Amino acid sequence: MAKRHLLLVTTCLWALSCALLLHASSDGFLRVNLNKKRLDKEDLTAAKLAQQGNRLLKTGSSDSDPVPLVDYLNTQYYGVIGLGSPPQNFTVIFDTGSSNLWVPSAKCYFSIACYLHSRYNSKKSSSYKADGETCKITYGSGAISGFFSKDNVLVGDLVVKNQKFIEATRETSVTFIIGKFDGILGLGYPEISVGKAPPIWQSMQEQELLADDVFSFWLNRDPDASSGGELVFGGMDPKHYKGDHTYVPVSRKGYWQFNMGDLLIDGHSTGFCAKGCAAIVDSGTSLLAGPTAIVAQVNHAIGAEGIISTECKEVVSEYGEMILNLLIAQTDPQKVCSQVGLCMFDGKRSVSNGIESVVDKENLGSDAMCSVCEMAVVWIENQLRENKTKELILNYANQLCERLPSPNGESTVSCHQISKMPNLAFTIANKTFILTPEQYIVKLEQGGQTVCISGFMAFDIPPPRGPLWILGDVFMGAYHTVFDFGKDRIGFAKSA
């Protein structure tokens with residue numbers, strides 16, 4: 001039987017000059033220290049593009065192996081792996097939201113991104129095996145195409161043999177040009193893997209390289225800390241979490257998806273997910289992404305700048321009282337918008353139609369009015385539960401129409417008001433997971449000054465897959481996360 005390992009991946013902050021210092025610590029882990037570079041507002045664009053491009057659009061042992069990882073804007077975590085014999089080094093994003101491993105190929109001749117990053121040369125590897133199957137992966141802001149090959153992958157000093165991966169011969173996105181990473185190492189389920197290539201954790205499992213069939217993330221969100229965090233294959237480091245993990249079963253294989261409950265603002269329900277929403281834990285997403293109807297309420301609660309929607313204000317002004325009266329009369333909320341004439345079908349459409357239809361003036365029409373109406377129903381129904389007066393309810397809905405999240409995802413807040421902002425909490429497995437303002441507000445530099453942005457962005461997915469939350473690095477920074485592929489479950493515990 002092959003020797004089983006606990007593979008530790010140590011994450012550190014980005015350095016323009018990466019002076020590497022390797023040493024074995026008292027706990028048996030081999031760690032890598034990196035210098036760090038303080039980032040500014042200009043880096044947000046690159047991080048945002050990387051985050052958008054990184055979304056795939058598809059229906060305890062004494063042994064340790066170190067890999068230096070980089071924390072880019074506290075949002076993208078990536079590190080160096082080796083490919084081939086002898087190893088050719090590549091910087092890759094460790095992404096739980098996709099499943100393929102790909103790197104630029106030496107046969108990539110016509111994409112600028114390839115010339116700006118390391119390229120894999122099969123002629124220099126004695127362990128290379130040809131495959132040749134062509135493939136293409138489409139992302140949120142571009143695509144890569146190429147062909148499959150097989151070779152050994154070095155993660156730390158652990159060798160995964162004959163891993164199937166993609167040699168990218170074309171990269172059609174500015175994301176890949178400006179990104180500080182060469183490729184992506186997907187950690188999702190094989191169900192979303194292009195070409196049925198096994199994700200690397202599955203190969204580790206089949207080759208009996210792991211102490212346990214799990215991997216775990218600890219992301220250090222402290223911008224002043226020397227370490228960016230740890231990714232551990234085969235176990236979890238008890239120094240990086242407090243108490244026991246709360247586990248939830250994977251509800252749908254592909255992404256690391258589970259059934260989540262409500263989002264609470266200062267202990268009060270936002271209503272939209274009161275009966276449950278799907279959620280995905282995704283290390284490749286920078287922020288927290290969720291339904292527009294909820295993010296608008298979050299924006300209002302924290303004083304974030306937003307987009308004023310004339311369609312929204314029109315619906316509240318002309319139909320708000322009618323919606324309110326129907327809800328008071330116990331009308332099924334899914335039928336309210338069709339009864340007031342703004343939606344064609346009962347419950348056939350959802351707020352999850354896309355934020356563009358709500359705030360983009362160039363996309364007016366019945367779709368926009370229906371989407372706004374459905375949001376208004378959620379807001380008004382939620383306020384009725386709080387026993388608010390009619391005047392307060394309609395005034396609140398009108399205020400939310402001025403706080404709709406920007407389509408580009410960035411919502412600025414006052415840095416001086418952070419201490420006065422409410423706690424937010426996700427309900428998972430009937431337990432509340434609190435995020436403090438210090439945890440969900442992201443600080444960055446712009447012209448020597450600190451700028452604060454909300455960690456929440458609008459991201460609408462229509463039924464049947466939605467509504468959907470994506471819990472990215474903002475959430476994973478607060479909660480140590482275990483991905484248990486042996487038992488198909490996800491665990492959360494407060495980060496230490």
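Along the chain as shown, residues are numbered 1 onward.
Yeah, the Cβs are placed from backbone N, Cα and C, and that goes for glycine too.
Note that the structure is predicted; figures quoted are calculated from it, not measured.
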Could you tell me which of Cys370, Cys373, Cys401 is bonded to Cys312 by a disulfide, according to Swiss-Prot?
Cys401
Pick from Asn89, Asn387: which one does Swiss-Prot list as N-linked glycosylation site?
Asn387
Helix, strand or coil at Cys452 (disulfide bond) [DSSP, three-state]:
strand
What is the separation, in Å, between the Cα atoms of Cys312 (disulfide bond) and Cys337 (disulfide bond)?
13
Hey, does DSSP put Asp282 (active site) in a helix, a strand, or just coil?
coil
Can you tell which of Cys108, Cys312, Cys343, Cys370, Cys415 has the least company, meaning the fewest other C-beta atoms within 10 angstroms of its C-beta, among these disulfide-bonded residues?
Cys415
Roughly how many angstrom lie between the C-alpha atoms of Cys370 (disulfide bond) and Cys273 (disulfide bond)?
19
Of the recorded positions listed here (Asp95, Asp282, Cys343, Cys401, Cys415), which is spatially closest to Cys373 (disulfide bond) when Cα positions are compared?
Cys343
I need the nearest neighbour of Cys273 (disulfide bond) among the recorded positions Cys108, Cys114, Asp282, Cys415, Cys452, using C-alpha distances.
Asp282
Considering the disulfide-bonded residues Cys114, Cys401, Cys452, which residue's Cβ sits among the greatest number of other Cβ atoms within 10 Å?
Cys401
